[in-house]
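Q: Following this message is one structure expressed as structure tokens.
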Amino acid sequence: EFCWPYLFGVIAVPSLIQVGILPFLPESPHFLLLEKNDTSGAEKAFQTFLGKDDVSHELEESEAQRNVKLESVLQLLRNRSVRWQIITVIITMACYQLCGLNAIWYYTNSIFSEAGISPKLIPYVTLSTSTVEILSAVSSGLAVERLGRRPLLIGGFGLMVISFTILSVSLTLQNHAYWLPYLSIFCILAIIASFCIGPGGIPFVLTGEFFQQSQKPAAFLIAGTVNWLSNFSVGILFPFIQAGLQTFCFLVFAVICLAGATYLFFVLPETKNKTINEISQAFAKRNKVTLEGREMSQFSSEMKSSEEQEHNFSSTLENGETKNRII
């Protein structure tokens, strides 16, 4: 135990690795194009991320957003054309935290002890959960661009529903058979693996894919707020849920996962290799707007900004002429 400071210091190792690697990774294409006006750099970044040479369509789509002003959170919430995107982000982020995985992490030792696991074995079982998390996260990173976001999200929540249900049964009947505590351990590992395969990372990806550059800051603010409020709620409420429902407490999380999977099955379109306009078109029917109307609204805002620039330019010319007359 006296070596725990060294173990704590190991956290600095991955941080140093990231600091060394990140400067060699390409910058965000939208940032390079819209903020830095670096068209060639944005083209190279698009080619690197998308794995193709012809990225003219992506450049044109990003260029169209140059004169669009950033939307505030209130403006984004009032924007009818992205209403169901916002609802989807909120529900996905809420399910991300309320699905019960944090309850597993916060109270792993007490869950294992109630499952009848020897106190000497609990640290090793806890270590196995971390191993499963790492392997599942790596597998998800390799599969997300092949299988897509939708099947991994729905499949992950669906497997969590099954695992939570079996976990509740095994914890309730654990005194009836010697192998039931080991089934509980397997269910906990299955819950962690199911979460990391899809729901663990894809909600953040969806938030970046649903919205235009001018809407992303407000969208991530909404997503982050829902994320941390849900996390706080689980940490505060789970002990009371566990005390009230005993071994059936995990059925609450099973219901939440089932609700999330059902919503995503009927609402979420596949966003893999889709542009912002294509994703918006998929939501257009639910938002009760046409993509053409959305583009005209964007075009009018661009024209408005360009008219303001022309007005400022003409005012400058008039001031110059006045100065010349005075001279």
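Note: Cβ is positioned from N, Cα and C throughout, glycine not excepted.
Keep in mind that TrEMBL annotations are predicted by a computer and have not been checked by a curator.
The domain 'Major facilitator superfamily (MFS) profile' annotation in TrEMBL covers 1-272. According to TrEMBL, the transmembrane segment annotation covers 6-25, 86-107, 122-144, 151-173, 179-206, 218-238, 244-268. Per TrEMBL, region 'Disordered' is recorded for 300-327.
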Q: May I ask whether the transmembrane segment (151-173) has at least three C-beta pairs under 8 Å with the transmembrane segment (218-238), counting pairs 6 or more apart in sequence?
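A: Contact between the transmembrane segment (151-173) and the transmembrane segment (218-238): absent, because fewer than 3 Cβ pairs are under 8 Å.
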Q: Average the pLDDT scores across the domain 'Major facilitator superfamily (MFS) profile' (1-272) and report the rounded value.
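A: That region's mean pLDDT is 86.
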